[in-house]
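Taken from TrEMBL as is:
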- 36-59: transmembrane segment (TRANSMEM)
- 79-98: transmembrane segment (TRANSMEM)
- 356-374: transmembrane segment (TRANSMEM)
- 394-416: transmembrane segment (TRANSMEM)
- 422-443: transmembrane segment (TRANSMEM)
Amino acid sequence: MDKVNFVVCQLFALLAAVWFRTYLHSSKTSPFIRHVVATLLGLYLALFCFGWYALHFVIQSGISYYIMIITGVENMHKYCFVFALGYLTVCQITRVYIFDYGQYSADFSGPMMIITQKITSLAFEIHDGMFRKNEDLTPSQRCLAVRRMPSLLEYLSYNCNFMGILAGPLCSYKDYITFIEGRSYQLQQSEANGKEDTKYEQTDPSPNIAVAQKLLICGLSLLFHMTITKTLPVEYNIDDNFRATASWPVRFFYLYVSLMAARPKYYFAWTLADAINNAAGFGFRGYDKNGVTRWDLISNLRIQQIEFSTSFKMFLDNWNIQTALWLKRVCYERATFSPTIQTFILSAIWHGVYPGYYLTFLTGVLMTLAARAIRNNIRHYFVQSAAVKLCYDIVTWMATQAAISYTVVPFVLLSVKPSLTFYSSCYFCLHIASILVLLVFPLKRTQKGSKKHESVQPVWSRKLEEESLLQKNNYSTTNNSFSQNQEITCRYQALKQ
């Protein structure tokens, strides 16, 4: 019933998004009205879907806003981060160990995970914009920096709007305010001399085709989930009879198909959430070189790249994209030591308190470092000819799918005992292989100082961040001290870097 409520609420949100864009368009009403309606609709959906547990969303947001006001811009990011993540963790502990351990229901901590991302992201963006010196910021931090304190209404609207309260995805505060205030969209194409050439301006590109395409993907994903997924349970990988009788190739093949079959429910939920935002007019990223609109500003996944990824990094670049960017912005870029390990630990804490999450992300650290070492040391030998590179891509695709499936089994099984049963039945083979790779192949050393994080590519691609900064056409809020030309310049500098 919880899942039915979730789907019904999301379908209602889709219809509300169409109504919002049609009758409360920014050209017809004020930002104040749009903020109020988006917030009230979001809280209504939360109340319908989660009952009085929805009060946690308001409490978490309200206390975080109070912390921002009383602590000041120097330390607000630290206090908001600790409080928001701590409040989320307490709620997850009570849900998991008091109410329904092991249930994948549409619990209230799911939306709180998105709200936690928004609270912490905005706190860091305000700290960057109102406290840190401009020259100390990275290009991405400079362009996302918020240079005035949001009002309480703007804050609640950003955290609890109906488009993203149930399933996200995360968006930057500046992008959301740009959408609410209804600023015009411009095509900015960088030329070879580094100048921006404004080709044309369009005030209201239509999202209808993008929404229809995403709803089609939702339908296919839901159909696959309801017909195929249940016939390929991940738990069968630890079945005693299967482990005793199946050969190694059969076991790894079933491991791959069972984990592949587990992904469509995420495809459905994230693509539907993206379609809802697009239907409201939010998510426009710009135009491609042919002038075709792009509605992937806050998209959370790229299915084709996921299924055909040829590296661990490529898979993570295209899976849960907005969460990867959040981890990069609040942790990886700011970590003073072991950024990869710290980022995976934060990811595990944010996901929840099931032990399987921690086993998955600790395994992910090994896999990421080993995959990076292999790629840095041997890939250049296999890209000289098209035929050799094709063979290399096939082998790396198979290895990537095996490594991803092996890594995420505890994430699905949740508990320690079944997870260790699976890994022990495989003799911890990929754990051992990763350690051996790290002993044999050297990793690139990081440079000291400001270039520390630029010398080693993080698991989520910097290319994604740079492309987003150049094309997503979000501008400063009304009171921002930077002009649009300055912001465009910083976006181009990000691309050049």
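From the backbone N, Cα and C atoms, a Cβ is placed for every residue, glycine too.
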With Cβ-Cβ distances below 8 Å as the criterion, list the same-chain residues six or more beyond the ends of the transmembrane segment (79-98) that contact it, or say none.
56, 59-60, 63-64, 67-68, 71, 107-109, 112-113, 115-116, 119-120, 123-124, 330, 349-350, 352-354
Short question: which residues 6 or more past the ends of the transmembrane segment (36-59) have a Cβ under 8 Å from it?
2, 5-6, 9, 12-13, 16, 20, 24, 87, 91, 106-108, 111-112, 115, 153, 156-157, 159-166, 180
Given a Cβ distance threshold of under 8 angstroms, which distant residues of the chain, six or more beyond its ends, lie next to the transmembrane segment (422-443)?
237-238, 243, 363, 366-367, 369-370, 372-374, 376-378, 402-403, 406-407, 409-410, 413, 456
